[in-house]
Amino acid sequence: MTTAFIVSAGLYAALLFVFAALPIWLIPGVTAIRPGNAIPPFTSLLFGPAAAWGSAVGNLIGFDILGGALTIGSIGGFIGNFFLGLVPYKMWHRLFKEEPHCRTASSLLKYEFVVLTHSGVVVLIIPYWTELVGFVPFTPLAFIIFFNELVSAVITAPILMALVYPRAKKAGWLWTDVMKGYQYTSSEVKSYHKLGGALVFFSGVIGLWITILVGETSLNLSPMVVNEVSVVGSRCGPFKPAIKALATGIVQVEKLVDRVFSLEEYEEAFALASEKDNLKVLLKTI
């Protein structure tokens, strides 16, 4: 199990560090495009419990420490990445009789169901933590992490499973080869395991989207940059997410402004913003 842990942590950390070194930041210092997210479900289904700890430690080392994203949010990240490696093997072990080789349509569909669920579960952990400690609001981070976790795992990991799983099984590398007494697939799927799987899915995926949609109603636009509305769509992509990013404060704009005004000084602020060659002005509570 030690070797499995080292492989899981090392592979995940290496990929995260490579892309953190040349990051495409989605929220600066918090999360970026992460192709390495294909690794946790892949190693989870191979190495079981060792992959859960490997995912947590690999993210801490590769992305947070070496990648420059070590913050108070990293505590939630450690726990969330642990569940990235925990949920896939736990669900497969309890719910399915077919192996996760991803070489048949049924195996592939089961795998995608597990990945969808594990993406929802981790999004219930990390953004809730960052919201709790006042670091980053839940709604924008939850939306970003869900699709960030899902895309790589849905596309890349099944290819890895189809190539590696049969060889790993033949070589005796699966977690059940080390942890004697466990069956890799369930010989009998018990009703309470089905109920548990359904609850995890609905709380992780359906509950997540209900929370995101509810969060849409509580948007405070006061931190938004004055005179930025007319260009924010072309600069930042889709208009609504860009407005939300500015309004929630996850985009740091202070270093780009010429001058900061109090809300009571809005007339002077707008006058300065209209002058040629000014960057922008910022209205905020001072």
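Every residue gets a Cβ built from N, Cα and C, even glycine.
Per TrEMBL, these features apply:
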- 6-27: transmembrane segment (TRANSMEM)
- 67-87: transmembrane segment (TRANSMEM)
- 108-129: transmembrane segment (TRANSMEM)
- 141-165: transmembrane segment (TRANSMEM)
- 195-214: transmembrane segment (TRANSMEM)
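Listed as Cβ neighbours of the transmembrane segment (108-129) (distance under 8 Å, sequence separation of 6 or more from its ends, same chain) are residues 40-41, 73, 75-77, 79-81, 83-84, 87-88, 91-92, 96, 98, 100, 102, 136-139, 141-142, 145-146, 149-150, 153-154, 157-158, 161, 197, 200-201, 203-205, 207-208. With a cut-off of 8 Å between Cβ atoms, the residues of this chain six or more beyond the transmembrane segment (195-214) that come close are 87, 91, 94-95, 113, 116-121, 123-124, 138-139, 142-143, 146.
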